[in-house]
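According to TrEMBL, the feature transmembrane segment maps to 20-45, 203-222, 228-253, 274-294, 300-320, 327-348, 368-401, 523-544, 550-572.
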Amino acid sequence: KSSKREWKPLEDHSCTDVPWLLLFILFCIGMGFICGFSIATGAAARLLSGYDSYGNICGQKNVKVEGIVNSGLDLTHKKYVFFLDPCNIDLVHQRIKSLALCVSACPQKELKTLADIQKFAETNGSTLCSYELQPSEYTTDPRAAKLCPKYPVPESAPIPFFHRCAPVNISCYAKFAEALITFVSDSSVLHRLISGVMTSKEIIMGLCLLSLVLSMILMVIIRYISRVLVWILTILVILGSLGGTGVLWWLYAKQRVSDSAVESQIAKDNLQALLIYAISATVFTVILFLIMLIMRKRVALTIALFHVAGKVFIHLPLLVFQPFWTFFVLILFWTYWITVLLFLGTTGSPVPNEEGFVEFRMVGPLKYMWWYHVVGLIWISEFILACQQMTVAGAVVTYYFTREKRNLPFTPILASVNRLVCYHLGTVAKGSFIITLVKIPRMILMYIHTQLKGKENACARCMLKACICCLWCLEKCLTYLNQNAYTATAINSTNFCTSAKDAFVILVENALRVAAINTVGDFMLFLGKVLIVCSTGLAGIMLLNYQRDYTIWVLPLIIVCLFAFLVAHCFLSIYEMVVDVLFLCFAIDTKYNDGSPGREFYMDKVLMEFVENSRKSMKEAGRGGGAEGRELKPM
């Protein structure tokens, strides 16, 4: 009898996992302390105003650093940082390896000789050589070769808000980019790729907007025509994959004939890219057809599930905008995190380095603030994502367990947010911390694997990859279990461990149903992502094809397709969450209710018919058996 009273949907609300909420608050206070410490030690001023190689902050009076010449200067009128050799980049430490000075103005035109540098100083009052040299000594003092900038001095402009003089022509930074992009063996290839992106930036932005519009349209289609969506989606994917593959082969054949007499490198690169795209599209189409052939008998079972999920979006339209709010909050947090990270890069005490210049380093226990800050990035990001999952779960649970849909709250999303903030932040903090505990070792192993690349033996490399793969699988399993635990918490207001245990038991008892629903449902949503990516990619091919004679569009097309997949994933992941929450609610409903008076079902009749059809189909395929239990009868 007590087990029947364990689930009281929306009846009791109590605070869950309060100690974990207090721990999370203390951790956030620690994050705030790091930010305050970095600002109090002058890191913010050094980051925004800049500082020279002697420890002086530009644009203000400075305190003398013991043992460092040229420190403690009054640089009130010198507000910009100027590097004598801005193109001398240290690839190991990823910084500009050059003497830095504070100057009054950046050189707005190229200075080719010391005489030009001297004239610039006399005309503008901005001395570009070291402080110990006077402008009259630039052409006569032999030390000018080391203490003056390497010429020709490129035309520079100050970076907004950061007061650094940066060359207007950033071609000297191409070497740094080439060192980071190891697969580019010819520097001219990198230059052509970058020029292709810059030339096609309007098309890229338009195609990214197109992917966003297509994702919104697909959500509307799912909402209103869910009964025929699966078949429409399947047909469109078949036509899209066949059409995309055919267009690629047609463009390849056409361009091969038209460019047979053209010897330009750009034409050859585009022809090779078309061949690679055509072969990849052909392989992908074949694999997609094989998967759809195997799952063809289960496609019809997804229609009813999508129909019920579509009803949820009709009653809860704000669910569509949930990715926007989550993304907006993540962007705000990541901006804050990167800002504090930059502060940490300039915080600490001034210490002379081997060259006699000043570096700011943290000593003692404070140097471990970096690790604390990195853990904060992972935990708080996972916390924000978990809040989204709990919000969606709470709203869908409210919909499912409200018998009269007319009695739903005016805004179930805001009601779910209110319950989350008032009762369940501790549960979200605990669940996100568990994911963090798995992510950190995996990231450490990935870093070790990257650092030892080419040095370790085959056995060690295999073991590292196996450990990384196992941790990745564990993380995905825990993420799925966490999501169902949040649903159980939203239903019964129990703590995280109890909810995770109850949800796990429910999922194990309905293993066949979980396999059927998740496999078919997730595959259909994957087809939706494929449709958006293919449509955006096809539009990109047709638009970028007009620029094939003067630009390479390999990289622009890749950027557009990646963005389209990201947008489609963000929108359809909400639909996937709704489906998973609906299923767990349904499984709990069928376990603790039987349709008799006093124990009536909460479920929608369409969802009941869906599971019954699924059970019958699985029996026909020889995979059902007695695992499905009694015949279910809706209220």
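Numbers here mean position along the shown chain, with the first residue as 1.
Cβ atoms here come from the backbone N, Cα and C positions, even for glycine.
These figures come from a predicted structure and were not determined experimentally.
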*Can we call the transmembrane segment (203-222) and the transmembrane segment (523-544) in contact, meaning three or more C-beta pairs below 8 angstroms at a sequence separation of 6+?*
yes
*Name the range, of those listed as 20-45, 274-294, 368-401, that has the largest tally of Cβ pairs under 8 Å with the transmembrane segment (327-348).*
20-45
*asked:* Which sequence-distant residues neighbour the transmembrane segment (368-401)? Criterion: at least 6 residues beyond either end, Cβ under 8 Å.
replied: 9-10, 24, 27-28, 30-31, 34, 37, 312, 315-316, 319, 322, 325-326, 329-330, 333-334, 337, 340-341, 344, 362, 408-409, 412-413, 415-417, 419-420, 424, 427-429, 431-433, 435-436, 439-440, 443, 482-483, 486-487, 489-491, 574, 577-578, 581-582, 585-586, 589, 602-603
*Sort out the residues at least 6 away from either end of the transmembrane segment (274-294), same chain, that have Cβ-Cβ distances under 8 Å to it, and list them.*
234, 237-238, 241-242, 244-245, 248-249, 251-252, 255, 523, 530
*Using a Cβ cut-off of under 8 Å, list the residues of the same chain at least 6 residues beyond the transmembrane segment (20-45) that approach it.*
57, 60, 336, 340, 343-348, 360, 366, 369, 372-373, 376, 379-380, 383, 425-427, 429-430, 433, 496
